[in-house]
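The structure appears right after this line, and notes come after that.
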Amino acid sequence: MSGDPEGKLRARMAWLHSWAGLLLGWLAYSVFLTGALSVYAPEISRWMTPEASVPGSVDRQHALRVAEAALQRDAPFASRWQIELPAPRKPLLTLTWNGTGGEGAARLHPATGEPILMRDTEGGDFLVEFHYSLHAGQAGIWLVGACSLGLLLVLASGVIVHRRLFADFFTFRPRLSAGRAWLDAHNVLGVLPLPFYFMILATALSTLLLTYLPAGVHARYGNDVAAMAAQVFPMPPAVQAQGAAPMLPLTELVRRAEAVLGTGKAGVVVLREPGREGAIADVMRVFDDRLMAFPDRVSLRADSGAIVDRQDRYGSALTLVRTLGGLHYGYYAAPLLRALYFSLALAGAAMIATGLVLYAVRTSARGGRFTKAVHRINVAMVCGPLCACAAYLLANRLAWPTVEGLHDREVGAFFLAWAGCGGHALCRASTRLWREQWVAVAGLWLALVPVDGFALASQSTLGHLLGEPLHAVAAGAFATAGGLALWIAIRCARGKGAATRASARRGATRRTGA
């Protein structure tokens, strides 16, 4: 070994890959899993709020007229109106307002203007929050950032360790030894999506760059965050409102703004000092069709429709950071590309899971307390998040829609299910853990299909809800996830049975030889 520097490097990288992969993998698996689900966060939110279903397409011009009438009726003296126009992934008309008379919010059916009473759920937003902060605030953000940085090292060391990196992708031998089969699965899941893994980890760090590296901001601006924001992020012109004055209809203001932003590209409209002379309408562009995740803006005089400011050019720093952010978030992705994001993120979670199992299989011959502890932790940290996500969705359907504090119950169910998996992993015989927990995963995900149907049966809109593609796709996804988990549980049972028979044959051979 002393005369082989390449061999020394590979040995050191193998040690780093094994230990860093094990310790970081316990956390990274749940981050990748919730990241995959976060790709469809708006759809998950819609599934968790079936009362907000809006069938068919939406007339944006009519939605603007509905919004203007509702705001003039409910908030005539507010100093700020905000209108979030309906979109294919978020079909409701969302209104907020504030001012000296207080603040308020409403979600309306974009066609009828009927207020929608939403159940108290966090929807897909909780999964997004857990993905980047573990639901642990600033400490969780730092922990996920450290994990992302460490995983980049794990990936780099994995590339160095494998001499036949791309050949390994075409090698999968599930009928060989357990160690060989798990290694092949780990390689297959790790090689082809490797560029995606590097991209998603690097861009993850860029999305919260100022949180992870605040020294530059502090050196330039001290504690004056507002000064930094004013210089980096383009600010709309100030309003100098005077007496009352009529405004142009919102449809006309948006039409003039879209002459600059593009037809049908207005996503959010903000009216500052509506109904007064000098009022300004800020129309923000959607960015679901481009990589840079930052909205262009056109500001107009609300009384005359004259454009007073436009913002569609940005500094290099903002362009770089928000483009990297757009790569990570995938807002720009069309349905097929969004499905690819989802699939590759799930492949990342599976790669981490196979790596954790591979470590346990390779060290099982040594025995010892540490190896047994690794096995138990692996089970809890792989099956636990899967049970937790299913329990989160089940809690939404099992509770009465109008119950207060529903979001707390959902989050509580998430962590309670995970804790249950941890307790089970500590108490049960180690030989039964994988099989029993995969059965639990299968049961929870399969239960979502009938529970969803029964919960919706209490609503008069059951017929059109079940006919919607969203609910049909969700039922198929739940059944697929449950079926896959059940197949893995059966494989675990067969594998254990084969191992027991092989052990018995070896014992009989030794006795015969004796």
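Cβ from N, Cα, C; glycine included.
Residues or ranges marked as transmembrane segment by TrEMBL: 20-41, 139-161, 194-213, 340-361, 373-395, 411-427, 439-458, 470-490.
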Point to revise | Contact between the transmembrane segment (439-458) and the transmembrane segment (373-395) (at least 3 Cβ pairs under 8 Å, separation 6+) | key: yes
Check your understanding: Are there 3 or more C-beta pairs under 8 Å linking the transmembrane segment (20-41) with the transmembrane segment (373-395), counting only pairs at least 6 apart in sequence?
Key -> yes
Point to revise | Among the ranges 20-41, 139-161, 194-213, 411-427, the one whose Cβ pairs under 8 Å to the transmembrane segment (340-361) are most numerous | key: 20-41
Check your understanding: the transmembrane segment (139-161): which same-chain residues, six or more beyond its ends, come within Cβ distance under 8 Å?
Key -> 9-10, 13-14, 16-17, 20-21, 24, 27-28, 31, 131-133, 190, 194, 197-198, 201-202, 204-205, 208, 211-212
Check your understanding: Short question: which residues 6 or more past the ends of the transmembrane segment (20-41) have a Cβ under 8 Å from it?
Key -> 123-125, 127-128, 130-131, 134, 143-144, 147, 150-151, 153-154, 157-158, 200, 330, 338, 341-342, 345-346, 348-349, 352-353, 355-356, 359, 374, 377-378, 381-382, 384-386, 389
